[in-house]
Each structure stands twice: as C-alpha cells, then as structure tokens.
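Q: Please see the structure below; I have some questions.
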C-alpha cells in the first residue's frame, strides 16, 4: 500500500508542476506531496524548462528543500501577490474544505493560500473524506501561556483536545512561530467547517486553526486505476 501511495503522490506532484508557468510567484507548500512538487520544480528550473520563478515557502522544511534545489525565494512580506500556491492537505471534504496542519505549519500555509490568485491542493485519494475530523485531528496553534485555557474551551465545544508532543525531543511540538499546538477531536466530526473556523479563532490565545474554508480553487487527486497511478482534477463549482 505504501508503494501505491507513493506512486499516487508522485503522479499528483508531477501534475501540479505542469501548472507552473515562467515568471510566476509561487506559494510552495509543506508535507510529503508538496515536497515532491518542489523537487519537480527544481528539476525543471535546472533543466531550463522553467525560468524566472520565485517561491514563497510555508515552512522551514520547504525553505531548506527549495534552497538545496536553488529555487529563488522571497519572504511573504516581500511579494505583493502570489500567482499560484500549491500545497497538500490532511483531509478534503466534498465542499473543498480542508484540514491542514499535520506538520504544524498551518499558520504560514493559510497566509500563503490567502494571498494566492489560485490555490491548488495536491493529495492522494486516501485524503478524501465525507466529513472532516472523523479520522484526522484538527490542529490549533496557541500561545504557550494560554494552552490550558484554550484546551478547556475547545473541549467545551464537544470533544477532546491534547497538547501535541514532539517525537524526537522532550516536551511539546514548537511551531515556526514559537507557539504550541493542540490537536482537537470533535464528537461526530465537523459538520460546519465555516462556522467552526471562526468560533475557534475567536478563542483568546488562539493564533490560527487548521481549517481551510472557502479558499481552494482546485484539488488534484492522485489515484490508482487498474494498477496505474493517475490524476483526477476536481474543480470548484461556481455558485
């Protein structure tokens, strides 16, 4: 299964790179699928197939990878607009609402996505769900001095919340902004992502949460059909 998932991720990353045009300012996402996209971009720049590209990264991980591939970078504050942002997601529901933040980068990811003229999400088919938060926890970035208070208020919404602990250091995960992350699980999942995003962000001490609502223009889905990896494009319907 792992090999099939890798094939799906590679296929969708390659499809995303095909959307990149000369002269673009790009939002470069975080996570395993976005990393494959960044590698593909680096290869096309090195070969001369693409030129005059500038990237804006969403994490320290992406910044290091892009620098290794000699992709020119600018900070978010240094650009007036982003032509195209490409990023992964942890879950995508039928309304194109997302949960992101498995890598604790969702604050910068949301800033970049909001600045972009087009926001394209790249996922493998395992990330498509009927309802958010039934499988993947919702990350909430909080000020270190407020995490207990925020935890209580998240649990008052109906569910549980736990401080995310680091895997290879003692203590909690610390974000690129120096904050902590609470992972929330709501009873029955998230029925109204739009309302919940605002409700959580109104809690004092919360910097941002991992719900990305009404921001995605296209979802590229890597999937296996008859043993072969392919890509399906889901376009948002205009209301």
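Positions of Cβ are set from backbone N, Cα and C atoms, glycine also.
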Q: Going by Swiss-Prot, 30, 31, 32, 33, 87, 88, 89, 90, 100, 101, 102, 103 bind substrate; tell me which of 21, 44, 51, 127 is listed for that site too.
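A: Of the residues offered, the record points to 127.
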Q: Within 10 angstroms of the C-beta of residue 100 (substrate binding site), what count of other C-beta atoms is obtained when all protein chains are considered?
A: 28
Q: Largest pairwise Cα distance, Å, within the listed substrate binders 30, 31, 32, 33, 87, 88, 89, 90, 100, 101, 102, 103, 127?
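A: Those residues reach a largest Cα separation of 15 Å.
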Q: With DSSP assignments reduced to helix, strand and coil, which class does residue 102 (substrate binding site) get?
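A: Coil, per DSSP.
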